[in-house]
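Database features (Swiss-Prot):
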DOMAIN    46-92  domain 'Gla'
BINDING   E62  Ca(2+) 3 binding site
MOD_RES   E66  4-carboxyglutamate
DISULFID  C68-C74  disulfide bond
MOD_RES   E69  4-carboxyglutamate
Amino acid sequence: MRTLSLLTLLALAALCLSDLTDATPTGPESDKAFMSKQEGNKVVNRLRRYLGASVPSPDPLEPTRELCELDPACDELSNQYGLKTAYRRIYGITI
C-alpha cells in the first residue's frame, strides 16, 4: 500500500515539474479551436422573450365553468351573481 502511494505521489510530482512550454499548439490548426464573439453568437441563437408567447395559457376556471354549465341551477346563478358565487352556493366549496 505504501509503494502504491509513493508511486502515485512521484508520478504527480513528475507531472507538475515537467516542462509544459512546448505544449502550446502552433500552426493554422490552433486558431480553429477558438472563435470570436460575433461568430459564437451566430452559432447559438438565443430565444427572444419579446417575440410573444408561443401558446396562450389555459384558463384555470374552465373546468369549474364546464361543471357549472351542466347544472341548470348553477348556470342560472352564474348568470346572475357570477361563477364563483354560484359555484360556492351550489357546491359549498370555494374556488
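Here the Cβ of each residue, glycine as well, is placed from N, Cα and C on the backbone.
A count of other CB atoms within 10 A of each Cβ picks out E69 as the most crowded of the recorded positions E62, E66, E69.
Cα separation, C74 (disulfide bond) to E66 (4-carboxyglutamate), rounded: 11 Å. Residue density at C68 (disulfide bond): 21 other Cβ atoms are found within 10 A of its Cβ, drawing on all protein chains shown. Note: the CA-CA distance between C68 (disulfide bond) and E62 (Ca(2+) 3 binding site) rounds to 10 Å. In the three-state DSSP scheme, the residue listed as 'Ca(2+) 3 binding site' is classed as helix.
The number of other CB atoms found within 10 A of the CB of C74 (disulfide bond), across every protein chain shown, is 20. Here the domain 'Gla' (46-92) returns a mean pLDDT of 86 for the predicted model. DSSP labels the residues of the domain 'Gla' (46-92) in these numbers: 31 helix, 0 strand, 16 coil. A straight line from the CA of E62 (Ca(2+) 3 binding site) to the CA of E69 (4-carboxyglutamate) spans 10 Å.
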